[in-house]
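**Student:** Pasting a structure here, questions to come.
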């Protein structure tokens, strides 16, 4: 059991170290800003004093490592800084706290991703498992061709086709997924139907193909042939001989695709004008609102790292070689 | 029974001997064995390349030429109508092929130059340099690349140069990983050791012993990375932070004409207009994927056909 | 005849009958025959040895005896009747009832064939429990008894371990117990000892034989090693290219093989080079210690190699013989000690050696496949050392390549072939030509014949001997195969766990008195004598009553 614990701790440490480095990279992006940035945020008419005050507020007068640790400390306390937008040349400050901008939208994004995951993960595992079992059958070939096509298609293409069919020609669902804090759960589900469907189609394709490959790889092991030659039935082979060894690859597939979901959500939110964190980030990039961009990037990266970490840990705790050391 | 053993001769020894053929013959045989999907892929890619090269000749109008009628319907002077400020959609599609594919291709080449070169060096060196590069790549890959690209674009601005540089650097991490892993597998082969024992220099070993043997997976990866880069650039342009107007490009064309979809009930062709560039993107990536699928099947199959 | 497992037929009844069995395999985008019409009859309690070289189809035929074909293979003709049941026509469900209970299978790679997620005991009793042959608890007790009979250490508890927790030889015995647990009528042994070291092989063979005898189980024993099968089988069938060469009772086969091909199977064993003594030392390794990181693999190794002679280094896997080669070539820096060549010390590291020093010592590898760049033609491969060391160019270089090809008994038509277009023996010949191209004084041969079929081995060994005579080349010949040692060496070095056990002339080493390890090693090599294993075990027991 100690070997497992040690491996997990090592992996956790690595994850935290990665997160740390990633946060440093995201932070240092602000240092790469061109010198006249203050001017461009505040407008050409801003006085030297206002620009200087703005730079001081950003902490640009302090050395970078000091600023980094101050920023990191603040982030850990939930303070993500202040948005650039809402400022003007006169030095008047109507900007909002980044955390106030991000939090409600983060919840929206998690809701959309969650709905998608609930549909997509079981569906993909089912399709992946069945196509692996009946590989090279007509069923397998059809599913494969369909998913290969979906994978090669940009998310916005899938999204617009769905809009064309289900919102425009036959208006079943709304093409705009505008929700706010007051929207009830039923209404919310109805409005996110199309974005969730788009994401599901894209994710299922990826996840199903990876599951299929992992299972086929597993079924090619000599111990599976041995199980057959011991007279095990198809279901016994799958449940007793393949499954106990499949957790690690399956967990990796799921984590990888949920991580992919995190990225796919950006485009889909923009298409459906869904008030999520992805759309917020794109808007912030367009307006070069760096604190918001940083906050969003940090959240996306942390989610990504966390998912991969989880998959690795599942892989560790299901590995018999680690569970039962020599 | 065979009496071969009594008149044993090394020349006559049978083994997995295949018929000797010239390079052209082999290429033709390979093509002949290609499945319909791969043929479809090759034809589509060739067409795209032709359109991209001869864009000036084929396109009915200038790339940014504005006509007085915005949102003109299909037919007449404008086969696929005009866009929101009156540019011919067909013309934009044709120039889009050149711009979008050109930028994606340049990016992929650059990313292979960076990632492939460093990957090879890391695989042969296997010391602190390998460690350093591998850890750096681990960290870079811990951030989703679209998110990272968005962040960097917000800092450096959305020019074509920064777009190519940013995506190439981010994408090179994946090329690095692949190159390194396949090159490490080749570098431990006995024939590389033979070359080392002979006293060959690093350059010779890289060029003559390792590179020719890692080409098949790298070529396949080039196809896949091209698709990925192409889709990323299309997504960024669609989000409005990629290729900037007035340069014609498929991603932004979708965004610019997206509102037309609402009118599907009144004019279906108009509603399809924004889907045309999206379909153009999809068709190309599907085609490349078909070719890569076949190529991978072919090259991995060759290894165990004895 | 009845198919009821509770009423076993009388000994001597026909258990398995295969008639004109034909099997096709799918590769290179088409079907081609693997088994071309083979008959096989096996009676109850009989052990049949299936022997042949790689590609003979012996494993495919063995699995077909269960009615099973690997993915990518199919039975296209003939009948297979097991105790009256037609296995070609039988549905999967019917065959599953036989597999693991009445017919059991023992695979070559035990490490890969056990499920890593389950305990050994659970896998051992799985088949018997599934078919309800006896209560699960009885099966477990029985398995412990089988473990004991197979002389596994700690038979009571070893079953609670996981596959990765026990050694390869032990796993192979557990797999035999697994096959035996439901008391099958037939066991297929598919090269069960090929992956094991000789000293381990003896133990596993003895255990398998005693248990097959004990339960009077019929068996098909598949191997490429005639000496091994001679210990196990009552009858031997020789296969080649998917066809039967001949079948005969073991003793008849060994004493009076009818076919030339069968005789060629033990041709290497007939080769023996007369040893020649020499005092002119060309290469010497003096008190070398070497390590991979913290793992010390060589301890105080001293070997001297006389000019124009062959020194064979013998030992099992992990004995340090290949590491010794790495130290000589400069790939691994020794911690202590030195290597001298013609009386001059060689720099420890490859980088510090001169081109001339590199040229004088060449190396040939076990796997000719991986020792040649698959993207270079035979000409490129042989021509490079000519250009690199001797500065040959153009016509002179081409002429020399042709000359070298002649020396290795190939002709110039091979020049523009790729390695993938050569057979195994031809590949190894090209590697020899590449080494010769450098005009070396010493060639290190690392298991150069182990991956080859017997008849090809003989050709390569003869070639090496001829070249030695012609050019006075010195060989350092690393091998684990005693027959090869007898065939080629003048002197022998025995290595064990990174130390030199002894070095001396062949006649001295191969005759008593033996140090303990040499005796164990030499006595473990199977001989072409059906009584060898019996005599050996009897001898060991009388010497070592514990």
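Glycine is no exception: its Cβ is also placed from the backbone N, Cα and C atoms.
Remember, TrEMBL labels are computer predictions, not curated facts.
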**Student:** To which of the residue ranges B:38-59, B:60-81 does TrEMBL assign the term transmembrane segment?
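**Tutor:** My reading of TrEMBL: the transmembrane segment range is B:38-59.
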**Student:** Given B:222-243, B:244-265, which one carries TrEMBL's transmembrane segment label?
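**Tutor:** Per TrEMBL, the stretch marked transmembrane segment is B:222-243.
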**Student:** I'm validating the feature mapping. Which of B:6-29, B:102-125 is tagged transmembrane segment in TrEMBL?
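**Tutor:** TrEMBL lists transmembrane segment for residues B:102-125.
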**Student:** Establish whether the number of Cβ pairs under 8 Å between the transmembrane segment (B:275-296) and the transmembrane segment (B:38-59) reaches at least three, counting only pairs separated by 6 or more residues.
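**Tutor:** By the criterion, they touch.
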